[in-house]
Amino acid sequence: MHTWKMWAICTALAAHLPEEQALRQACLSCDATQSCNCSFMGLDFIPPGLTGKITVLNLAHNRIKVIRTHDLQKAVNLRTLLLQSNQISSIDEDSFGSQGKLELLDLSNNSLAHLSPVWFGPLFSLQHLRIQGNSYSDLGESSPFSSLRNLSSLHLGNPQFSIIRQGNFEGIVFLNTLRIDGDNLSQYEPGSLKSIRKINHMIISIRRIDVFSAVIRDLLHSAIWLDVRKLAFSVPEKIQLLRIMSSSFAKKISLKQCLFTDATVPEIVSILEGMPKLMEVEMKDCTLLGTGKWYKQIHANQSQSLRILTIENLSIEEFYLFTDLQSVLDLLSLFRKVTVENTKVFLVPCKLSQHLLSLEYLDLSANLLGDQSLEHSACQGAWPSLQTLNLSQNSLSDLKMTGKSLFHLRNLNLLDISENNFGEIPDMCEWPENLKYLNLSSTQIPKLTTCIPSTLEVLDVSANNLQDFGLQLPFLKELYLTKNHLKTLPEATDIPNLVAMSISRNKLNSFSKEEFESFKQMELLDASANNFICSCEFLSFIHHEAGIAQVLVGWPESYICDSPLTVRGAQVGSVQLSLMECHRSLLVSLICTLVFLFILILVVVGYKYHAVWYMRMTWAWLQAKRKPKRAPTKDICYDAFVSYSENDSNWVENIMVQQLEQACPPFRLCLHKRDFVPGKWIVDNIIDSIEKSHKTLFVLSEHFVQSEWCKYELDFSHFRLFDENNDVAILILLEPIQSQAIPKRFCKLRKIMNTKTYLEWPPDEEQQQMFWENLKAALKS
């Protein structure tokens, strides 16, 4: 029994391993989180080997045509399945039978000609379904979504989609987003969407007003945000079909890629004005055929809730003929937030501005406003409640005039005038007294002056040509200096309350501990994307400053060393310089000290062990060796060179010289007093005299061993002993001395005294005759 169990286990493992291997061969991009990216691989089928481990499977942008029953059978833990942009035309009925945990299914942009409720039956956990871009013309006779109780977002439709039937959405009670691409939708059965009680965001792309009217009738109380696309509001008579919208509970209406005319605008405004809960209207990428001559006066409904108007990229071909909008002045008084962006606005009529009594936010960015037109638009009494004004990407060029035009806006605290062309700015300007935020980025300002108001709490001067920052702004909390040419941090004393600063993409090389800590309130500093010089001081500060990682934005990946070359490209936080690079002066001082101590020790040791003597002797010996070899015997001039102390000269000159030079035969003696060549270096005289003498007589006494020149003569005689290997020295003890009195370095002479007989001058006259006989015999040997 045990054997059969083992065989079964081994067989299962053997089957499982080839499956996983097959998956890896077909799809090589499975990561540690069990997410497999098999997109753009030219697959014709779902790869085999899918296991229960996989949670995300991306098969988008392949050539898959069919999904079969067994393809996904083992992928029981799939949460996300992406099959968009394939060629899928057929799905077996139970293909998704094992995907009870699936939350997102994308079948968009395939070739499905029909939808089957059986496909989605097992997907009771599904939250997001995308089936747009296929070729089905309807959703079937019943609801394909009836079992999808947890569905949150649904995207359907395609160019062939033409009919929505009653019951197609049965089973769906709530949707966060429903998007229907119905450009060619021609038939809508009333009540089809009525089963959905609430849709937070309803997006419908549709071209027929009558069909749209039928759809809206079913969404009156369920759609919170109604997003309409590609609808042409061009025929006034057809606009009447939309009167039903006045009963809608929608809070926001978006009109995108729609068409309007002067004749239909008043009708549409009238409908929107009647919607009891409408708070926001948004128009994007629309076209207006007209010049604003709306002959029908629009009166404000004091009970209306509309507060926000957004117009972006509105195309008005004859914008230069546009009127002053007299017909809608009454409607504007309740608006709190208005955005008119990229719509070629070159002037806001003064009267219109004065009617915007409740306006708190105004965005006129990416338009054609100039200095003069702004002065007219912001006339006295205009925008009395305005707090935020965005005039970026216009044609402003005079900063002083801009400030003066807005000076009367007492409530204005945020002003964005970025991406204008101010250039040089004056020293003095007038500004609204409560201005707290000013955006002057990308305005080609080369230098900041006191024109900048001192009341600011936030200042953005990014992307200019600034070399430094020297303004005193005592209330400033946020400063943005990105993309300038600053080389150092600003002075903290000028901006003592700064909390956040961005100085990225400048010419900042480093900053010190003192500079960093001088900003007492600093919580965020973005100094990324600078060319840092990773000096020892900078690195030491970075590595040891507590909490700097929490302050620096983008740390550590955005802080890169530019120099030295050895660490270029490395992250500042990971660089460690050597001791030599960081403490060069200290190291040089230490080396010099050690060298000095070494020399001092050498001097002391040399003095103690007579190193100087050895050096002098070596030099003298080398000098002597460089001379021609010793003169032959016929060049010997003296029988002996006499080395003696000046204190013993009386005995040498009056006694020894008399005895030896007057002997028969006489001896020739060399005395330094008598025979040294005048003007010649003493050392050379000593060497020459010793070399020209057959013997060297040393008259030893206490005075002798204390004489410097006698020591020289002993030295050279000592070298001669070693060089010629003969006994040329004759020692005469004029008075008894201890052998220890002779310097220890003369080991050869000490050995002679210890091993050979030396002559000692006897005080007894009877013995002196014997002394002279022995001396003469030694000289002749």
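Glycine too: its Cβ is placed from the backbone N, Cα and C atoms.
Taking Asn301, Asn647 one by one, Swiss-Prot attaches N-linked glycosylation site to Asn301. Bond annotation: of Cys27, Cys36, only Cys36 is listed by Swiss-Prot as forming a disulfide with Cys30. Listed by sequence, the residues of this chain that lie at least six past the ends of the repeat 'LRR 2' (77-98) yet keep a Cβ under 8 A from its Cβ atoms are 34, 39, 52-69, 71, 104-113, 116, 118-120, 122-123, 130, 133. Taking DSSP states H, G and I as helix and E and B as strand, the repeat 'LRR 10' (434-455) has 0 helix, 3 strand, 19 coil.
Of the listed glycosylation sites Asn37, Asn109, Asn150, Asn184, Asn390, the Cβ environment within 10 Å is emptiest of other Cβ atoms at Asn150. When the recorded positions Cys30, Asn150, Asn313, Cys350, Asn390 are compared by Cα distance to Cys451 (disulfide bond), the shortest distance belongs to Asn390.
Tertiary neighbourhood of the repeat 'LRR 10' (434-455): same-chain residues 392, 399-400, 403, 410-428, 461-467, 469-475, 480, 482, selected by CB-CB distance under 8 Å and a gap of 6+ residues from either end. Cβ-based crowding with a 10 Å cutoff singles out Cys36 as the top-ranked of the disulfide-bonded residues Cys30, Cys36, Cys379, Cys429, Cys451. Residues of the same chain lying 6 or more positions beyond the ends of the repeat 'LRR 6' (174-195) and with a Cβ under 8 Å from any Cβ of it are 132-133, 151-168, 201-208, 211, 214-215, 217-219, 222, 230. Taking H, G and I as helix, E and B as strand and the rest as coil, DSSP gives the repeat 'LRR 8' (385-406) the counts 7 helix, 3 strand, 12 coil.
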